[in-house]
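Structure record follows, encoded as structure tokens.
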Amino acid sequence: MKSIIFATLTSLALAARPFLNEADTGIDEALADVPQGTLPPLEDIVGLPDFEWAARHYMNTSAYTYYRNGAAGEWAYRNNLEAFQRYTAKPRVLRDNSKIESTFTTSILGHNFSAPFYISPCARGALANERAELGLVEGAYQGDILYIPSDFSSLPLKELAAARPSNGSQVMWQQVYLDASNDTATKAHFKEIEQSGARAIVFTVDSAGPGVRHRAQRYAAGSADADYSAFTWQYYQKLQNFTTLPVVIKGIQTVEDAKMAVKYKAPAIVLSNHGGRNFDSSPSGFEVALEIHQEAPEIFKQIEVYADGGVRYGSDVLKMLALGVRAVGLGRPFMYANAYSTEGVAKAVELLKAEIASDAAHLGLSSLKDIGPQYFKWTPNNWYS
Ligand SMILES: Cc1cc2nc3c(=O)[nH]c(=O)nc-3n(C[C@H](O)[C@H](O)[C@H](O)COP(=O)(O)O)c2cc1C
Ligand SMILES: *[C@@H]1O[C@H](CO)[C@@H](O)[C@H](O)[C@H]1NC(C)=O
Ligand SMILES: *[C@@H]1O[C@H](CO)[C@@H](O)[C@H](O)[C@H]1NC(C)=O
Ligand SMILES: *[C@@H]1O[C@H](CO)[C@@H](O)[C@H](O)[C@H]1NC(C)=O
Ligand SMILES: *[C@@H]1O[C@H](CO)[C@@H](O)[C@H](O)[C@H]1NC(C)=O
Ligand SMILES: *[C@@H]1O[C@H](CO)[C@@H](O)[C@H](O)[C@H]1NC(C)=O
């Protein structure tokens with residue numbers, strides 16, 4: 001008897017806290033008629049998670065798996081998504097929010113954009129749409145946000161550069177993977193990036209070895225991942241001398257390394273665990289931001305700090321900004337939106353802007369610039385326990 005009760009309680013507890021890769025907001029029922037292999041009409045997409053639903057129905061399993069997969073049991077990937085929900089807002093009321101939408105402009109390393117979020121570098125844009133990264137370049141331009149193409153983009157750097165308006169009015173950066181044993185190749189690559197017109201180089205350092213990717217392996221989705229490498233902080237210092245462009249470090253996962261980045265004069269860092277794709281047990285960018293907020297908040301003033309991982313809603317963006325993060329990156333949502341090419345990417349930008357405005361108003365902000373840690377409780381809630 002006891003064990004039956006126990007088993008029932010256990011299953012109830014489990015049932016009370018399922019992991020929802022796509023939270024249930026009724027899309028399965030609403031789009032039940034959309035056949036596998038086709039995209040639902042763009043007007044039926046009401047939030048960023050819907051783009052994943054659309055891409056999952058449209059792309060073949062191996063292509064979808066390449067975007068979706070995380071490392072090993074995908075606990076770090078799931079944690080990226082869930083970490084935001086552990087912290088509840090402290091909304092203030094009776095505040096004038098009538099101008100909230102006009103306060104989004106954000107300067108990122110001196111370049112002005114219309115919002116404090118950007119498109120994170122993700123490989124293989126052609127898996128979702130034959131126009132590949134062109135939709136990301138154009139969608140970012142329409143939405144007036146930053147796009148950082150991946151070193152493993154489907155299209156060559158030259159074609160990405162050519163897709164920007166010729167008057168130079170679109171600022172893009174460029175992500176790189178490097179080979180520590182070949183400075184000649186690195187210098188040539190940096191020269192090529194400078195000539196392409198990119199305004200900063202983003203050096204990814206969270207790919208310290210091959211990723212363990214069970215889901216990708218199962219569906220032969222391949223994985224453009226790293227080999228073991230000899231990178232050090234001294235190497236980063238040397239690297240900065242190879243180019244006149246700022247070299248941003250992507251993949252900082254501790255307050256200790258954020259301090260190292262300050263010491264080694266990085267202009268900016270990205271708090272990131274690569275979307276949970278490389279190391280199960282790695283913290284989400286948001287958790288690292290919280291750690292810096294608690295242990296060395298001055299870092300947010302000493303250098304520019306960006307962060308990514310699991311951002312899907314306006315409230316996620318606001319939680320990052322509240323801690324001192326200057327700009328927030330999104331990877332998978334834009335890759336899925338790119339199934340619709342430019343229109344989809346531009347719509348994703350608009351949806352997220354609208355959510356940020358609504359959530360900021362409900363938080364009690366008159367200006368997005370007023371956001372700070374006082375707008376959230378930084379002790380975990382018990383929503384799921
Ligand atoms: C399909 C895919 C490919 C990626 N490729 C790269 C890459 O080439 N270089 C890189 O620095 N990060 C890469 N990332 C990591 C993203 O830049 C970013 O850190 C991550 O996607 C953020 O998490 P999110 O997807 O939950 O938004 C990739 C992520 C995905 C999903
Ligand atoms: C960016 O915006 C600021 C504040 O609105 C403005 O002072 C500055 O001139 C702008 N910079 C550029 C490069 O447009
Ligand atoms: C899946 O789709 C991608 C992108 O269109 C294509 O390159 C690939 O060959 C497809 N794979 C399978 C198994 O159909
Ligand atoms: C640059 O070119 C684009 C596309 O042709 C145009 O929309 C934009 O207004 C131009 N910007 C400036 C500053 O000239
Ligand atoms: C280094 O890179 C250059 C340029 O890409 C290439 O020609 C050369 O063979 C590489 N050297 C080694 C030792 O791999
Ligand atoms: C980089 O260049 C600066 C200025 O030219 C020089 O002082 C410094 O030693 C160089 N650093 C490395 C690691 O090469």
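Cβ coordinates come from backbone N, Cα and C, glycine included.
Unlike curated records, TrEMBL annotations are generated automatically.
According to TrEMBL, Tyr177, Arg213, His274, Arg277 bind glyoxylate; the candidate from Tyr58, Tyr64, Tyr66 that the record adds to this site is Tyr66. Our reading of the glyoxylate binding annotation (Tyr66, Tyr177, Arg213, His274, Arg277) yields a largest Cα to Cα distance of 19 angstrom. According to its DSSP assignment, Ala123 (FMN binding site) is coil. The shortest Cα-Cα distance between Arg213 (glyoxylate binding site) and any of the binding-site residues Pro121, Gln175, Arg312, Arg332 is the one to Arg332. Arg277 (glyoxylate binding site) sits 14 Å from Lys250 (FMN binding site), taking the Cα positions as reference. For the domain 'FMN hydroxy acid dehydrogenase' (40-381), the model gives a mean pLDDT of 96. Arg332 (FMN binding site) counts 23 other C-beta atoms within 10 Å of its own C-beta, drawing on all protein chains shown.
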